[in-house]
Amino acid sequence: MGRSPCCEKAHTNKGAWTKEEDQRLVAYIKAHGEGCWRSLPKAAGLQRCGKSCRLRWINYLRPDLKRGNFTEEEDDLIINLHGLLGNKWSLIAGRLPGRTDNEIKNYWNTHIKRKLLARGIDPQTHHPLSGAAANAPSSRPQDQRPPAAARSSCSPQTSGAGHSSDEDSAHLGGIDLNLSLSPPSQPSSPVAAVAN
DNA sequence: AATATGCGCAACCGCTCCGTG
DNA sequence: ACACGGAGCGGTTGCGCATAT
């Protein structure tokens, strides 16, 4: 739509972040908090796009991140939530404290997809694979998009709370998922809530 | 020991949504 | 009511590391 770029690409670094850049970003956010990402790079003295700073902070530098392997509980929770919400990684991440949408997305694509396929379950529909297609991964994942509800319902307060429909407190086989959202950083421990 | 292949993670890109003037 | 700008999200890609040959 002819929108102006989010940043001056000619003057921004790309690729892997250096330690110094990380330190600058962390120091700035500690001092000023998460504010306007667009102006943050300049204010923090970083040659980076605001989007890039936000991503780096959320996915890597945030102090409350839980790094390391996913537990079986988390596995199951992700599978259940994906069955309910589709590829709404941010919503799923909201139920897993310390995990980021990017991390979950990667984990899904590299581990869980395979796991489900091995069990004969279609990772997109969560239905048993049938007949000839049983061993064939779906060729076009995008073709099987989550229900439209998932897409639109996340909009009112996508990154906050705001599912007023059945998603709000969905039940999966007796599991109360209570899908009202809280910031990923909040240690509300939904895993335990769900797993129990 | 060297090379090829596969896997996983981090980051980028483009699109959509929401708020504001 | 409309247009614009900012923020967030999901999909995709690239790079580095580990393992197999």
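Backbone N, Cα and C atoms are what each Cβ position is placed from, and that goes for glycine too.
Note: TrEMBL annotation is automatic and uncurated.
Copied over from TrEMBL:
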type     : residues  : note
COMPBIAS : A:152-162 : compositional bias 'Polar residues'
DOMAIN   : A:9-61    : domain 'Myb-like'
DOMAIN   : A:9-61    : domain 'HTH myb-type'
DOMAIN   : A:62-112  : domain 'Myb-like'
DOMAIN   : A:62-116  : domain 'HTH myb-type'
REGION   : A:122-196 : region 'Disordered'
For the domain 'HTH myb-type' (A:9-61), the DSSP helix/strand/coil residue counts are 34 helix, 0 strand, 19 coil
Per DSSP, what is the helix/strand/coil residue tally across the domain 'HTH myb-type' (A:62-116)? 36 helix, 0 strand, 19 coil
